[in-house]
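Student: I have a structure I would like to understand better, so I am pasting it below and will then ask my questions one at a time.
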Amino acid sequence: MESRRMEQSSIRKPWFLLPQASCETPLVQASLRPADPTTLRAIFNKYATVEQDDEKFMTPVNLIRDYLGMQKVEEYNETTLNLLAGCVDQTKDGLISFSEFLAFEALLCNPGAQHKIVFQLFDLDGKGSVTFDEFENVIKKTTFFSKIKFNFDTEFVKTYFGVNKKARIRFDDFSHLLQDLEKEYQRQAYFQSKMPDGEITAVKFSEIMKVLRGHKLSPFVREYLLTAASGEGGHRVSYGYYRAFNVMLDHAQVLHDMAIKAAKGNRYRELKKADMLQEAKADAEITPLVIDILFHLCDLEHRRGRITVSDVHQILPHRDVFKVFSTERIEEEMITKPKDEEGSVLWKAVEQVYRFGLGSVAGAAGATAVYPIDLVKTRMQNQRAVLAQERLYANSFDCFLKVIRNEGPQGLYRGLLPQIVGVAPEKAIKLTTNDLVRDVFRDKDGFISLPFEIVAGGCGGAAQVLFTNPLEIVKIRLQVAGEVGATGKDKVTALRVIRELGLTGLYKGARACFLRDIPFSGIYFPAYAHLKLHFKDENGQIGAGGLFVSAMMAGVPAAALATPADVIKTRLQVKARSGQQSYRGVIDCFRKIRKEEGGRAFWKGAGARVFRSSPQFGVTLLTYEILQRVFKVNFSGKGAIVHEAWSEKRSYNPDISLHPDHIGGMRMAVASFAGIETRFGLCLPKFAHAAAEKKAK
């Protein structure tokens, strides 16, 4: 994701109060409370270049290009720039005073600011009303007027401006005028292109949609306009179909919400037309023809007669408000930038090394934090005595106390080094494989169904075993070496264990590891992904606390349900002492434990395993997030980006600018101007040559 210019907070919060958790650029909550006038004046004076009677003024260029960063291209359209600046320039004298700047900032703090801004765009004389001449003047400056003429001598115009066109439209009526204008323009465009039989060609339909409704077209809809133009494959479009298609575009979000409700939240549940018609009964504008068009369009790729929420999601338009009036972004903030494909590959490799390093440190932190619990779990699982008097430990707590009493506090960390060494490749391989498989099964919208989530997690667990099984067996041998009653005069070391086992021995119990880690990861990763959804705020973001709790909660069922396999793995990997039962393999171990110790033996150490795995994953993921914020390095496939202090974050709300000089309501200035096009469909020319072409016609 592209980062935007942002404001550095004057109060640095401690890491445990960070309001978000993200694997990319951190997000921040930006306030839209009115700005301090003193601070705003200092910013105004910074950009103002005109001084008259000891007072500074901004020019339209100062405001739009210099301050807001819009229309930064050299061939910007001056007419559009002046129209936009006119929304702020209340006196219409071509200069913007601080009082006008302050009033505009206050307006932007109002939720209904976009309607007022569009009104001020048309109010060319600043008298608080819109005349017919002003209305006509602005409409003729739009990009679609040069392609599809608008007839100003219609009942629509007379309804609002009167027969003699002398009426003045005030703000309260203006929003309704804009709504009716859009429908009127659609009607006129159709009848200007209709053939004698009252229909238009599919090609003309596509052209009209791209000109008048371009702001409503998603990439998917734009691509299939011609195919979907005539329903089931004709080459003509009736007016009824044309109107229904426009209704579908206007109600795309409503239809998406209906699909979610009909599917009961399952975005992959297949819906029939009857399901959507049932949900649409309460909305008179959603006719059966609208539903027919929706199904035909969304089912073009599959031809199965049913659609899913994921299919409907494709018709939603996605617009970056910061690109509407500007073709340039902030690539200049990048310290380095690849010049060719080879460079991109190199940076991808560097990124993997970077993430591997962060994952290693985070994994080591998580493992160290819970290692004493892991040691207690291992010793409890390795206890093979059936009679109570022969047991070394009565329970996990008794084991913990005896280790400290007999071996000292350092005994709780016996075998820690091999564990830390194993954590780096374990976390890297597990997470990388899981992400890789998830990417393979994701749909176009980036979503993945639950069965594939389970498969991806299982693949991550399997890949982990191949690398970490030798490290795991060495760790377990060292953990039980200090047990009370353990025999052997020589000190047990990691090197000695490796020599004793050899290459084949280091993979002893690998099948049991597969039996444990594949189900564990298959349960953990999907559970974690779905639990996070319940901790997201209204902006779709999750805080650091929610991330930590999600990671811990996901570990509970994953660790508990995989305990029997973990018991078998431990018995196979630990060297049996004199007089203890030995096992030939997974099945033999399972049979002997069940026969000699009963079914409850398979759940030995379950509590310790849950209490170890849950916090370990919580600590690991939280540490990983903190490290990313500390180093402030972001890889976007375009090289290493080290942001300045204020550019290390992005906003929860994608419409809010975090440029350091955009404070208070000015955070919404760019998005509000963009709404002229994205919300109201009034497309203004962006480039000078567009205006030249318009005049030529």
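For all residues, glycine too, the Cβ spot is worked out from N, Cα and C.
Found this in TrEMBL, in case it helps:
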{"type": "DOMAIN", "residues": "110-145", "note": "domain 'EF-hand'"}
{"type": "REPEAT", "residues": "350-440", "note": "repeat 'Solcar'"}
{"type": "REPEAT", "residues": "448-534", "note": "repeat 'Solcar'"}
{"type": "REPEAT", "residues": "542-630", "note": "repeat 'Solcar'"}
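Can you walk me through where each of these features ends up in the structure?
Tutor: Through the fold, the domain 'EF-hand' (110-145) approaches residues 79-80, 83-84, 86-87, 89-92, 152, 157, 161, 165-171, 174-175, 178, 185, 211-212, 665, 668, 672-673, 675-676, 679-680, 682-685, 690, 694 of its own chain, all at least 6 residues removed from its boundaries and within a Cβ separation under 8 Å.
The residues of the repeat 'Solcar' (350-440), classed with DSSP into helix (H, G, I), strand (E, B) and coil, number 78 helix, 0 strand, 13 coil.
When the repeat 'Solcar' (448-534) is classified with DSSP, helix, strand and coil residues number 67 helix, 0 strand, 20 coil.
In the predicted model, the repeat 'Solcar' (542-630) shows an average pLDDT of 79.
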Student: Run through the repeat 'Solcar' (542-630) and tell me, per DSSP, how many residues are helix, strand and coil.
Tutor: 70 helix, 1 strand, 18 coil
